[in-house]
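Chemist: Following this message is one structure expressed as structure tokens.
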Amino acid sequence: MSNKTKGSTLERYLVSRLRDKGFAVIRAPASGSNRKDHVPDVIAMKSGVIILIEMKSRKNGNKIYIQKEQAEGIKEFAKKSGGELFLGAKIAKDLKFLRFDELRRTEAGNYVADLETIKSGMDFDELVRYVEGKISKTLDSFM
């Protein structure tokens, strides 16, 4: 299975899991396409809370890099949409989510997450609870 196919499979799996948790979600893959604008791989919304997820997968290894141009593009998308940007990182069988501001910026302007930072990220259920904790509850919702 090619890396592109593995990435697409992972993105579809995430979309399905988010949908099962009540999110409105779309997959917007752009890698390998001729798109000039950069968009995150997954856009998910729940009760007005928007999360944007750039997915990266590694069989093993200790770092995940995002090139400067791609990072700046998806950060701009996040700013325009009002969404919160995350890196979804799958290393071996673990799937973790990091807020994009947790990534370190290199001297060349690229972004990197080392293995320790990735391991400290949220798992899927923690990500869902994080989003649900941001949903505003009004008095009407309790009646």
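Any Cβ shown, glycine's included, is placed from N, Cα and C.
Under the heading active site, Swiss-Prot lists S31, citing sequence analysis as support. Annotation comment: Swiss-Prot describes E11, D41, E54 as Mg(2+) binding site, evidence class sequence analysis. According to Swiss-Prot, the feature site 'Transition state stabilizer' maps to K56.
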Chemist: Using DSSP reduced to three states, classify D41 (Mg(2+) binding site) as helix, strand or coil.
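Modeler: Where D41 (Mg(2+) binding site) sits, the three-state DSSP reduction gives coil.
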Chemist: Expressed to the nearest Å, what is the distance separating D41 (Mg(2+) binding site) and K56 (site 'Transition state stabilizer') at their Cα atoms?
Modeler: 10
Chemist: Drop a 10 Å sphere on every Cβ of the binding-site residues E11, D41, E54 and tell me which sphere holds the fewest other Cβ atoms.
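Modeler: Fewest other Cβ atoms within 10 Å, among the binding-site residues E11, D41, E54, is found for E11.
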Chemist: What same-chain residues, at least 6 away in sequence, bring their CB to under 8 Å of the CB of K56 (site 'Transition state stabilizer')?
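Modeler: Spatial neighbours, sequence-distant, of K56 (site 'Transition state stabilizer'): I64, I66, L87, G88, A89, K90.
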Chemist: In terms of DSSP three-state secondary structure, what is the assignment for E11 (Mg(2+) binding site)?
Modeler: helix
